[in-house]
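Below: the structure, in structure tokens.
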Amino acid sequence: MSRRSRKPAEQALSAEEHAPPEPKTHKQRWRLALTVISFTRALNTLAKKVIYDKGQVPRSISYISIDVPTNEDDSAGESSRSLLDLDQKALTDMVKDKNLDLLSQFGGVKDLASTLGTDVKGGIGGGEADLMHRKDVFGANVFQKPPAKNFMSFFIEAFKDTTIIILLVCAILSLGFGIKKHGLKNGWYDGGSIVLAVLLVVIVTAVSNFKQSRQFDKLSTKSSDISVEIVRSGQRRPISIFDIVVGDLVCLKIGDQVPADGVFMEGHSLKVDESSMTGESEHIEINSGNHPFLLSGTKVTDGFGLMLVTSVGMNTAWGEMMSSISRDLDEQTPLQARLDKLTSYIGKVGLAVAVLVLAVSLIRYFTGHTTDDKGNREFYGGKTKFDDVVNSALDILAAAITIVVVAIPEGLPLAVTLTLAYSMKKMMNDNALVRRLSACETMGS
């Protein structure tokens, strides 16, 4: 059995050993291809390693940024240089003096606009940097105001009133006489009361005038901040009069106030009232020929037009005039003026009566026509003690001072001032701007 089972296997092995060998061409080709690919990869890796070790980085495409200035940048730079080189005094005097020769030296209106960096149709650019530069060179369109008074100034002014001075003198004398006669504990009542009353009147007057001054400042600022229409960046827009700069194109129509000094660009039948500046009652027709100049503060009475701003703020004729005029807050209303005259007249009459009473009382005392509480004569020549004479004279003087104090109605003008100030405050709460106290008085009459 075993021999039979082994025999087929041995026959198979022997058959395989004696079989002819298979061709090896296909396998050799695959091996050669794999060897070439591996060798190529090895060379590539080795080359990269050598380049990296030597610090040589393969070149790549690079880009260079070049800033090319645009026309707007060139125009802005040239405008800034031209503004600095411009003769500002000649530009200001040209409008103030209405000098056509100076305008010709600038090359006319269009050349002047070009020098100021203004497009005759679109105006200035209106950028923040441009506006700040123009304000730095030509100034802002604001006017210098007189410095506001503080509270102490009004307090001192209230003391300068003649009536107050008389009352203070009487108070001091009454205080001294009272202390001498009745002692410090009981002698200061009369004089001290007069001093307190005078101080109360002075403080109330000073506070009222101080508040009135502050209200006038607020009203002045609010009423001066008017809106004007200009052309910037080719667009019309309303702005505050305080934001106008040199080079702006301002649109004018009937009823407008000319916000700055400038020259006429274009328009139709434009007429202005220059009576506030020159005193001329006739309206001036503005044109491109003989009258191209516009003064700030004047009023447009007819037509419409477009003006080029050449001067603003304190460089204008209106600015110079306004800075030289100080506000007179002490101006009185007609009723206050009449009350002051009445008070002064009553005070003079009271003073004359007091002097007369003092003279008559002293004559009667020294002639022995006065008696004391017991019916005895107060003065006996050399027999009367000196202290008694002084005390009697002080009593007579105190009576005269009392006449003066009672005769002067100091509280009457103060009451009128407080009433008018209260009326003005109530009207302000209703958005009615009152510049002068006399307006309240006129409406109430």
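Yeah, the Cβs are placed from backbone N, Cα and C, and that goes for glycine too.
What TrEMBL records for 15-25 is compositional bias 'Basic and acidic residues'. Residues or ranges marked as domain 'P-type ATPase A' in TrEMBL: 225-325. The region 'Disordered' annotation in TrEMBL covers 1-27. Taken from TrEMBL, the feature transmembrane segment applies to 158-179, 191-210, 345-366, 396-422.
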For the domain 'P-type ATPase A' (225-325), the DSSP residue counts stand at 18 helix, 48 strand, 35 coil
Rounded mean pLDDT within the domain 'P-type ATPase A' (225-325) lands at 87
Residues outside the transmembrane segment (158-179) whose C-beta sits under 8 Å from one of its C-beta atoms, at least 6 past its ends, are 186-192, 194-195, 197-198, 201-202, 205-206, 209, 343-344, 347, 351, 394, 397-398, 401-402, 404-405, 408, 410
